[in-house]
Amino acid sequence: MFSIRISTVVLAASALLAVAIPMTNTETPQCNTGPIQCCNSVQSATSSAAAGPLAALGVLSGIASLLGEVGLDCSPLQVIGVGANSCSSQAACCTGNTFNGAVVLGCSPIKLL
């Protein structure tokens, strides 16, 4: 009878320990639409910060409201090797066109782990 109680206590303690151990996520964030971009900022296309670069590309202000968020001054983020997953500004997943990295359309900010 005593051994059954000991077994039950040990089993319960093991289950609690397994639940209490934190799990770490070591997966690299990924972007299904292309490379992760490291941008100086991600702004609404209608913001004053994006107005200048978009105007330089010939995007009319009325059309800017259709673009959503844009990445400004972006470069592809390396996920392998030296400096992997390091972006000192804003990492973003972008679905639209890239204009020499100055402006990237259709961006959403992401958090690097």
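Backbone N, Cα and C atoms are what each Cβ position is placed from, and that goes for glycine too.
Some features that Swiss-Prot has for this protein:
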SIGNAL    1-26  signal peptide
DISULFID  Cys31-Cys93  disulfide bond
DISULFID  Cys38-Cys87  disulfide bond
DISULFID  Cys39-Cys74  disulfide bond
DISULFID  Cys94-Cys107  disulfide bond
Nearest recorded site to Cys93 (disulfide bond) by CA-CA distance, among disulfide-bonded residues Cys38, Cys39, Cys87, Cys107:
Cys107
Given the disulfide-bonded residues Cys31, Cys74, Cys94, Cys107, state which is nearest to Cys38 (disulfide bond) when distance is taken between Cα atoms.
Cys74
Once the DSSP letters are reduced so that anything not helix or strand counts as coil, what is Cys31 (disulfide bond)?
coil
CB within-chain contacts under 8 A for Cys39 (disulfide bond), separation at least 6:
Gly71, Leu72, Asp73, Cys74, Ser89, Gln90, Ala91, Ala92, Val104, Cys107
Taking every protein chain in this structure into account, which of the disulfide-bonded residues Cys94, Cys107 has the most other Cβ atoms within 10 Å of its Cβ?
Cys107
Just to verify a number: CA distance, Cys94 (disulfide bond) to Cys31 (disulfide bond), in angstrom, no decimals.
8
Cα-Cα distance linking Cys87 (disulfide bond) and Cys31 (disulfide bond), given in Å to the nearest integer:
15
